[in-house]
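Straight from TrEMBL, the features:
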type: DOMAIN; residues: B:71-284; note: domain 'ABC transmembrane type-1'
type: TRANSMEM; residues: B:12-34; note: transmembrane segment
type: TRANSMEM; residues: B:75-97; note: transmembrane segment
type: TRANSMEM; residues: B:109-129; note: transmembrane segment
type: TRANSMEM; residues: B:160-182; note: transmembrane segment
type: TRANSMEM; residues: B:211-230; note: transmembrane segment
type: TRANSMEM; residues: B:263-283; note: transmembrane segment
Amino acid sequence: MDTKRTIAALAAAALAGSLIAGCSSGGSGAEEGKTKLTVWAMGDSSKPMEQMAAAYQKENPDVSIQVQAIPWGSAHDKLLTAVASKKGPDVLQMGTTWMPEFAAAGALADLTADLADYPELAADNFFDGTVTSTQFDGKTVGVPWLAETRVLFYRTDVLQSVGYDHAPKTWDELLDASKKLTERGKDKYGIGLDPKEPTLSFMFARQNGSKLIEDGKAQFDQPAFAETVRYLDGYFKNGYAPVDLGLDTSQTFGGDGMVPMFISGPWMIKTVADQIPDIEGKWATAVLPSKDGNMSSLGGSNLSVFGFTEQKAAAMKFIAFLSKPENQLEWMKQTGELPANKKAWEDPQLSGDPNMAVVGEQLKNAEPMPLVKAWDNISQNFLKTFEEIYRADADIDAKLKDFNEQSQKLLDK
Amino acid sequence: MKGSSKMAPYVFIGPTLLLLAVFSLLPILVALGISLTDMDLAGLADYSSISFVGLANYADVLGDPVFLLALRNTLFYVVIGVPLVIACSLGVALLIQFGRSRLFKVFRVVYYLPSVTNVVAVAVVWSYLYNPGIGLFNYILTSIGFDKVPWLTEPTIAKLSLILLALWRSIGLNMIIFIAALQGIDRSYYEAAQLDGASGWQQLTRITLPMMRFAIFFVTITTMIGWLQFFEEPFVMTQGGPLNGTVSASLFIYQNGFQYSHFGYAAAGSFVLFFLIIAVTMVQLRLQRKQAEE
Amino acid sequence: MKQATTRKPASAAPRGRLQQWAAGIVLTVFGIAMVLPFVWMVLSAFKTEGEIKRIPPTLWPEAFTVDNFTRLFTEMDFGTYLGNTLLITLFSFVGLLLNAMAGFGFAKYRFKGREKLFLLVLATMMIPGQVTMIPVYLILNGVSLTNTMLGIVLPGFTSAFGIFLFRQFMSTLPEEIMEATRLDGASEYRLFAQVVLPMSKPILAVQAILTFIGGWNSFLWPLIIANDEKLYTLSVGLQLLKGQNTTNFALQMAGAAFMVLPIMVIFIFFQRQIIENYNISGIK
């Protein structure tokens, strides 16, 4: 009984305590007269964002910034409730793939007219692809912030052993190298292509001249796209790329190079260096092999102003601060995330690192996935379609025809 | 019952019902309304852009071959999983309760641990166990001369693998409920039975199991509801693959509705599942009442 | 229990010992399988990220490192999250009492609409959680409970599962004792507090364990209701450690291991303090 009484007493105390907390949080604009800005930072980046905010507040003592971290995995839910109640942050970090959906719902403020006031935010400061990702329906709904793009990682020593003293430069070379690498023996593969990566096939298709979506019409049953699917399917069917290996890159890229090539983003540079130290000097990165072109897929995040905020000007000013090259570099130092600002890439930290230089080169030729609000849905549908092709050997043309119709329906909604 | 205590039952259930009405029943009604509309993210921001579509969402979702496949998969999970969970947790509870040594108390903790292990850790460890190349299971199989098993890459085997994982996770919770029920049985029944010379087996079937029917009924209903909403295991392990082999109704609704903000469609799917669960539960309630009357 | 089928009751002692051994061995074999992933999680928490990903994997860490735990403390606003988590957990115990009351009401009284009301309660656990998330949020927003502790705990305060569990167990309580108490002139409420609750200790213990786990792991509402990190819980903090493209497994294992510790302590505490005490008092 004693424990129960203690618990009851504690609960009562807690109740009282939290009610007080509830009251005080209402009046927590303690520093009266200051403009209060709320910023949503994604994932583990709230600490660095707080440091940026502190630096900003030093320059602008009349502003008080509150940073709230949102876990990536639940950011969508959190954003939904913000839209539903029209209560949210003033500034928010948006993944590029979510931009169209939330812009269409009016959750992102139209910044087109405001941009002229901030020279830091002029479009030509940023990589073209990143600027594209901030456009929706002819309006600018965000400012480029972080950029990443896919490049080719390869083991120089292993490729040399099959006669390649350079990274494969074309689709044909990539296929040929993969074939030779696979022929090294049992449990050896050419290249790691993640069939569950939603951008993979679309990225290759663009290199083959597919427009994916043109004037609101899905182009997935066209020859350029079908040819790409066939090309990629070949890697899986011939065993050049593993399907169900179930291993992490850090487990397959080291040693004698079970999978000596893969396509991934810049975060893998650090992962490979940290987790497979024994292959130092035996691996490199390269821009993607080309067909008609070698355009890569662009990801990252933008900074947007929440559509229902009343502090647009103050929010823009803070965004302009974050977009300065020196601050973008500072951010990179803290988080390892790469700047979207071109000027920042001239800094020796980036231009002096051969792997980063490759990423910088590729960023000049990278585009985000099509900016339609159903894109997430379309690309997930494609993964299922593609699985039936590479795993269950379904007829490619028939499947793509179905997929095209399904996508068109989503586009027309 | 005395006159003054007429109000008592309402006082006991009142606060809870009020909370449930506000935070569960009302939202369910709202969701039912949403299922008749084409609400999406834009509609959430601006209600005027929502339009009424009648039963179109229901027709769409019931005509979706993947949803029907998901329902079939769910049935597969329930039919195999539910009896397994009940039998295993009951068996473990009986064995633990049977033991007289102190060691058996340790088993309570041991069997309970899986149900409190964080799902992230569960996913990492089981992905390794099921890993086709380097996984522990295939390593053991090949080292004793068997072929490798495609644990998560063949649709039917993948379903069974997820059932095994879910079984592992859910034994602990049901076990402590069964143990609590076992604790509640009056020892005098057993003493009387032993005097009459009843064997252990007779004591089990004539006293223990009948006395536990309330607990067994509870576990059956809640397990059934839980498995009809089977979600977490395919979500963290397979995302519904391979070839939609492990997609469950809940996972389908989540992926096709909530992830892409097709709220109307998702709500319609949820209600199809909801009605299904109600129907199954009603049948069970009927069966129980019949048994009680006999 | 299969072993219990041997016929002769005469040589009870040696046969009983054999059965004890058989039960022990069966439980040990399966117990090892049950506990292995847990052991793995705890041991992994002391490994470096590189070691976790090595093939073939190691079970025992090569060199124990507490780095992962240090990072948990330095990269999370740990004190605040812990405080909130405790607060929410305490709150949910009020809910436990409400559930017990409702369970008792449904179990031991015959009143108008009982069956229908109970079905309604059950129905609330049959709907997928995501479908009610936005409506619940809008209701809380409508009564200005967003960004408050009350708003975080209210949606999960009562649970159909708990009510159902209490109802099932309380309906097995013998009527005679209750009648006797009533004849002594006790009110229904005293009956509940002084007779029914003490008699329901095993199930209270079970539900207390479940309530603790639920409160301790609460994630969704703290995240959605809070407009301020000051209201985040440990689970939310753990999720924050997850990067967009890369996941640090060692760190997550450390977090998961750390979070499970109090649950184990509570579990052992409740099963000792209540289940076993009851066992003794139950033998009259």
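Backbone N, Cα and C define each Cβ position, glycine as well.
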Contact between the transmembrane segment (B:211-230) and the transmembrane segment (B:109-129) (3 or more Cβ pairs under 8 Å, separation 6+): no
Selected stretch (most C-beta pairs under 8 A with the transmembrane segment (B:109-129)) from B:75-97, B:160-182, B:263-283: B:160-182
Contact between the transmembrane segment (B:160-182) and the transmembrane segment (B:75-97) (3 or more Cβ pairs under 8 Å, separation 6+): yes
Same-chain residues at least 6 beyond the ends of the transmembrane segment (B:12-34) whose Cβ lies under 8 Å from its Cβ atoms: 263-264, 267, 270-271
